[in-house]
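Novice: The structure that follows is given in the form of structure tokens.
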Amino acid sequence: MPPRINIPPVTRICLIVLLVQSVLSAAIRYRQWTANSEIVIPYLNLIPQLSLVYPWTFLTTTLVESNIFTLSIAGFTLYHGGRYLERAWSGRELAKFLLIVSLVPNALVFATTIFFFALTRNEGWTLMTIAGTIPIQISFLVAFSQLVPAHTVTLFRGILSLRVPRFPLLYIGLVTLLCLTPMLTAASFLLAIYGLTVSWTYLRFYKPVFPDLDASQPAHLRGDASETFAFAQFFPGPVRPLASSISDQVFNVLVAMRLCTPFSAADVSAARGDHHHHNFAQRGVPGSARAEAERRRALALKALDQRLHAATANAAARASNAPPPPAVVPPIPSATGPTVQSQPQAGAQKTMTVQGGGEMLGETSYNPDGDDHK
């Protein structure tokens, strides 16, 4: 019996959509192929000049690959990365994450191509195809950088060892090199840049730490203020101070635009695993694994306390809205004080005896089958 492949539902749906749309795109391009023209599919891929009447392409274009090489990489990434994240988060959180890192980078690349067209009047910008799973791939690397920041990957039999937060920048470098070949376009480079920034911003400031809680959870249960997930951690040590300074300035602009909410001093202190106050601009200093574990333990305790308070409040509300217990009505005696007793007897017949005033008034027996007799 062959082994059963267990794929979580959201990952399975993404893989099926990727395969179906990529095969459909290849079939259409094969039927319309000519030697002197480039085939574009505006109702499946996002093309700035042609796809405005097909708004769904802002989402569907992410799960379309144009060749077998990129399709294989996309399938491998979705299968392994999607399974890991769906089990670490939940299917709902993974679906929300995929929706954000697909829709927002595509919209930003669309706006960027329109800007360059207005600047250069080069129509090639508006006819550029924006497609592929590049934003999903780099966002998975960013998510792994948050979940396992201290993990080291050994390549080429120990010749090269890299920590997980180094991979997003390495991926951007690889995409940049491939953009110099016919395999990828400038849109792919923009997708990688925007995919990195959008996914990090969502995980840093907006993603719920415990998504199964109610939507009104406090700010310290959203995002990740730990030092190990600072934006500067994606860069090598020599350029990390410069990257930290630039990221601080961008962050201040986003706060002024009310697109991000700054962490409080208590959040930053708890994320660093100590009780000393530090300057928020020093987010580039890496924290220890023990501090990270203590931070997550403290968040878990706070979430548990919130759950207990919510359960207590719900129980009190149900108790206040519960109907009163039914009143027990005592039997009403007759003038001579009779009572009525029903005494079940063994067998097929039952006897009802009416007593009153100390003497037998009458006795009636009946059969449950309906044949009453005296």
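Just so you know, glycine gets a Cβ as well, placed from its N, Cα and C.
The annotation signal peptide is assigned in TrEMBL to 1-25. Annotation comment: TrEMBL describes 53-76, 97-119, 125-148, 169-196 as transmembrane segment. Annotation source TrEMBL lists region 'Disordered' at 312-374. The feature compositional bias 'Low complexity' is assigned by TrEMBL to 312-321. The annotation compositional bias 'Pro residues' is assigned in TrEMBL to 322-333. Here TrEMBL flags 337-354 as compositional bias 'Polar residues'.
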Novice: Below 8 angstroms Cβ to Cβ, which residues of this chain, lying six or more residues outside the transmembrane segment (97-119), approach it?
Specialist: 10, 14, 46, 48, 58-59, 61-63, 85, 89, 125-126, 128, 130, 135-136, 139, 143, 187, 190-191, 194-195, 198-199, 202, 207
Novice: Looking only at the compositional bias 'Low complexity' (312-321), what are its DSSP counts of helix, strand and coil residues?
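Specialist: Breakdown, helix to coil: 10 helix, 0 strand, 0 coil.
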